[in-house]
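Worksheet for the structure shown next.
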Amino acid sequence: MAQTLEDLKLIEFPHIFSHSFRTIRTWNKLFAQITFTLLLPLTLIFIAHIEISMRLFNQIERDPFSVFTAAFDSYQSYFHTGASSAAWRRYLLFKSLSIAGIGIFSLLSAASVVFTIASVYTGRDVTFRKSMKSVPQIWKRLAVTFLFSFVTLFAFCLLASVVNFLFTAAIGEFAVDVLPAVDVISAAYFLYLTAVWQLATVVSVLESSRGLKSMLKAMDLMKGKTKSALMIACILYPFLAVAITEYMSMVDGGAAVAPVSRVMIRIVCAVMILIVFLLFNVTQTVLYLVCKLHHGETIDPVSLSTYLGAYLSDSRPVFRTGEDIQLGRAQNQVVSQV
């Protein structure tokens, strides 16, 4: 396994995917159990959010993802919906429950997948039961990072939408020439922030930092591997976008398609979304290991294994006060605190 970790040091974007697929294929039974237990419910909640939003709350929100894709415009449209106060209460309750469900299962699945892959790369004996046992101790750390990342992305999307609006208002007809460049820059930064979010999730599981600190650590780790991180996002997000868009088209305007075909297309889209969710977690964990080795932070399997083992006990993994986790560095010794 040490040789496998050493092999990760110089690999680039294509090989990150090949290592990820190889890991899933080698441990297919374990990943199948994680997928059906955590990622499948996540996918079902995700597509239920699409279905219910478009069928029951289309008067308030035409696009269930407009809060990210056109935040400022969506807020403006809320003032012109004409929906009753009762409809607004149902909408806010539904949104709160769906976001909470998606967030919870995202955290649980990320915790399980990161723990599993880290265990595989350290040669630990890992089973589905052990993977599930680690989740209760990990998800609380991930929740802090999730909130910081979500707020950061939300604020960025709102800012980008406001800038878009101001450009349009300020330069009028010339906006047609300028806005495409602004949109490209916004999309690039959005992809970068999502890549940081994904990597910060892994940092929160395998290191002492969480929240803002884990995001800053993720940014540092990505230096020198930013291209690989963005390429992963550029591969997976279009697949996710295509699946979501096609699913939404079957809900909104699929009347011309035969009922059986419509159901089959929805199933295919749901499977695509499920696969992308799994690949996001696996590739980002492999990318984390690649980034650590790229920066010369040797990953000692014994230290990492000891750290992971603390998640399976009643203790919690910590490091000496004032020291961040740099796995494999002699000055950072793992201890266990009840």
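Cβ coordinates come from backbone N, Cα and C, glycine included.
TrEMBL annotations:
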- 30-50: transmembrane segment (TRANSMEM)
- 97-121: transmembrane segment (TRANSMEM)
- 142-167: transmembrane segment (TRANSMEM)
- 187-208: transmembrane segment (TRANSMEM)
- 229-251: transmembrane segment (TRANSMEM)
- 263-282: transmembrane segment (TRANSMEM)
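Taking residue pairs at least 6 apart in sequence, the transmembrane segment (263-282) and the transmembrane segment (97-121) share three or more C-beta contacts under 8 angstroms. Looking at which of 30-50, 142-167, 187-208 has the most CB pairs under 8 Å to the transmembrane segment (263-282), the answer is the stretch 30-50. Nonlocal intrachain contacts for the transmembrane segment (30-50), taken as residues 6+ away from its ends with a CB within less than 8 angstroms of a stretch CB, comprise 24, 64, 98, 101-102, 105-106, 108-109, 112-113, 116, 126-128, 131-132, 244, 247-248, 251, 266, 269-270, 273-274, 277-278, 282. For the transmembrane segment (229-251), same-chain residues at least 6 beyond its ends with a Cβ under 8 Å from one of its own Cβ atoms are 13, 16-17, 47, 50-51, 54-55, 65, 188, 191-192, 194-195, 199, 222, 257, 262, 265-266, 269-270, 272-273, 276, 279-280, 283-284, 287.
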